[in-house]
């Protein structure tokens, strides 16, 4: 959202400063927590938080971002694919309170994990992205939905090029690897352990695709922060 600084600004043409002020006063504004508190809760310095907030506020004068705006912004980075479904899942992961909007605090929390968190923290965040229904488990349907959304987003630039339903084969391979006790769901512990095992061996195509998906999660944070 900071990374798109200027994108929405160019789309908003105001005839004068008064019109801008009137618009900002006409919406319900959200004021974020104090910088000291955010600094203590994140991996960003106070100076970095100020830069992030200026960009966030520039794009979102009300102090919050709804899902439709988030999708419009995110889709600009993937012009050759359909990013709407993945953006929906990503939005839900950023929206920690599940109230249909992303506040600056939500943005900072997710960004702090994805960009500067430990590997375990990043994997926990990725697990929550896959856990669409928030029941603490990942089932095969959820994994299929996320993987398909990622490949739809990448569009014709997916490498290697996918044949029809190839992503389902990848999901089958993932699930077989991750579902250690064969109970039909993947727990957080199973997810983290499997990712660490696959990373340590790097011996098969499972890792290639898994790595692609994980990089997409991390890149999502980088994209919205690009200046």
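Cβ atoms here come from the backbone N, Cα and C positions, even for glycine.
Just so you know, TrEMBL annotations are computer predictions that nobody has curated.
The domain 'EF-hand' feature in TrEMBL is assigned to 82-117 (among others). DSSP places the residues of the domain 'EF-hand' (82-117) in helix, strand and coil in these numbers: 24 helix, 3 strand, 9 coil.
Among the features that TrEMBL reports, domain 'EF-hand' is placed at 118-153 (among others). The average pLDDT computed for the domain 'EF-hand' (118-153) is 91.
As a summary of secondary structure, the domain 'EF-hand' (166-201) carries 27 helix, 2 strand, 7 coil according to DSSP. Residues or ranges marked as domain 'EF-hand' by TrEMBL: 166-201 (among others).
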Task: Tally of residues which DSSP labels helix, strand or coil - the domain 'EF-hand' (118-153) - done: 26 helix, 2 strand, 8 coil
